[in-house]
Amino acid sequence: MFPYFIMLVFCGIPLFFLELSFGQFTSLGCLGVWKVSPMFKGVGYGMMVVSTYIGIYYNVVICIAFYYFFMSMTNLLPWTYCNNPWNTPDCTGVVGTPLANATFANVSAVVSGLTEIVNRTKRTSPSEEYWRNYVLNISDGIGNFGEVRLPILGCLAVSWVVVFLCLIRGVKSSGKVVYFTATFPYVVLTILFIRGITLEGAISGIKYYLTPQWEKILDAKVWGDAASQIFYSLGCAWGGLITMASYNKFHNNCFRDSIIISVTNCGTSVYAGFVIFSILGFMANHLGVDVSEVADHGPGLAFVAYPEALTLLPISPLWSLLFFFMLILLGLGTQFCLLETLVTAVVDEIGTDWIIKNKTYVTLGVAIVGFLLGVPLTTRVSNKNTHKHVLYLWIDLLCCVRCSHPSHFLHNYFKDVEMMLGFPPPLFFRICWKYVSPFIITFILIFTVIQYKPITYNDYVYPSWSLIIGFAMALSSVICIPIYALFKIAVSEGSTFLERLKNSVKPDPDWGPALQEHRKGRYATTGPESVEVRPLKEELKDEGKEKLKKKETEKKDEIGLTIPGSNGSTLNPTPSA
């Protein structure tokens, strides 16, 4: 938690504000904003690649939540007991063994069986075995894909259909949906928290959660995980913040928004930590193992620890439905942002009238492609992959490039923020943008590489060829930056390399606020079709001058049209019929 809060203060909030202000100032997506320095447009393409990978993976997590939601529509949750075909002899349930149909003759057998279970050193919960052995049915190696899990495939189709329907009208429809998806989870979390802290062993789990392990403070992986979690939860360097901020009003106070959203987001994560570790403490107490050994990291926690706790609540299927409905809503909120990032980038990049008018078809096309690319993740090998771990590393790198580059134009950008918000960015944020954030991210990235350890899944060690594929996927997001930079330099004007380099980093003439009424100062354009909006005092002065000029012109015209009479008088001619 210590590295987590350090990364939040010095990297998370500053980068969050930077991306919000960046998108709001130009009203463009993650590709269009790079008109500020066209050579770095590859960063935008890298963001699109990261959003694509995460979007494909993330919707698979949502589809599994849909699967659990449908499986909860029963009188008895299937992961309650250990008497199922997929359970192993190491399984131990937290609610005991159903003995309703047991006869007196086999009671002794049941007792001896329980004694044998207690004496075992390694025990697993029914929810964990349901997750591993039934839902995922993981194969024995990453080279063995196995068959497509048809129930998971069907749920994946359902999740993509729901995402598309919620985005069919763009951010207007998704914005209304988010009012519910963002508030309802707090109700369910609070219910689970109250139940969790009343369980036996919950205090030990919370102590484990809050007790610092200072020996790990020098481990680069801990800092890398903290940075990854901040970027993952806040959405930095994915392009989604820029895209969503592009729909804001020009003078919206995005500085206030960035503080509120970042603090609320991380506060919710800490609150959810109390919920999960109270339950993990209870499970560890019941299974007789350490808290750290109760469940896996990542999605396994959501599909192992929480379902286990749900079996302890009265009318457990009802609470299970509510919990996984909450999980679906949380996932959809993130998925909306990822999909809208890709759609907005395509619309901004192509920019034809047909694309703009038929944005719904673009959304449908992206959803169909996303579904097809997600099919391999529904096989039995789907959870023996490396892409998420490797992408975290390159998300750090993208953030480093993303936040170190603005130093070239930050002086002018401070003025842009002041023009937009009415005040310049605070000194703390300016220092973080220039020095602190790039240094921290670069430092963590370097030591993460130095202290790199082979990726494993439980006791399974990935073969070398799978790691190469994983790193190739990660490099595909970063390679966009140098490739596009070289391309832009090659096509820029200039007789020498230095001239083309200078021209490639110059802002595009269209860079600046989208609406003409906001293009003031150095963004004000001159020409017969341009209208410059100036301060009120200047407008009043100009209106007064124009009235004087108009009166003088009318007076001259009146004098020029008078006809001298024979008696020396003047007559105003009347127009002929």
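Keep in mind that glycine also has a Cβ here, set from the backbone N, Cα and C atoms.
Copied from TrEMBL, the annotated features are:
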type	residues	note
COMPBIAS	531-559	compositional bias 'Basic and acidic residues'
COMPBIAS	564-577	compositional bias 'Polar residues'
DISULFID	C82-C91	disulfide bond
REGION	509-577	region 'Disordered'
TRANSMEM	6-34	transmembrane segment
TRANSMEM	46-70	transmembrane segment
TRANSMEM	150-171	transmembrane segment
TRANSMEM	183-210	transmembrane segment
TRANSMEM	230-247	transmembrane segment
TRANSMEM	259-284	transmembrane segment
TRANSMEM	318-339	transmembrane segment
TRANSMEM	360-379	transmembrane segment
TRANSMEM	431-452	transmembrane segment
TRANSMEM	464-487	transmembrane segment
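Only pairs six or more apart in sequence are counted, and the transmembrane segment (259-284) with the transmembrane segment (150-171) gives fewer than three Cβ pairs under 8 Å, not enough to call it a contact. With respect to Cβ pairs under 8 Å, the transmembrane segment (46-70) is most closely packed against 150-171, considering the stretches 150-171, 183-210, 360-379. For the transmembrane segment (360-379), the residues of the chain that approach it from at least six positions outside its boundaries are 52, 55-57, 59-60, 63, 139, 145-149, 152-153, 156-157, 160-161, 163-164, 167-170, 339, 342-343, 346-347, 385, judged by C-beta separation under 8 angstroms. Note on C91 (disulfide bond): other Cβ atoms within 10 Å of its Cβ, all shown chains, come to 21.
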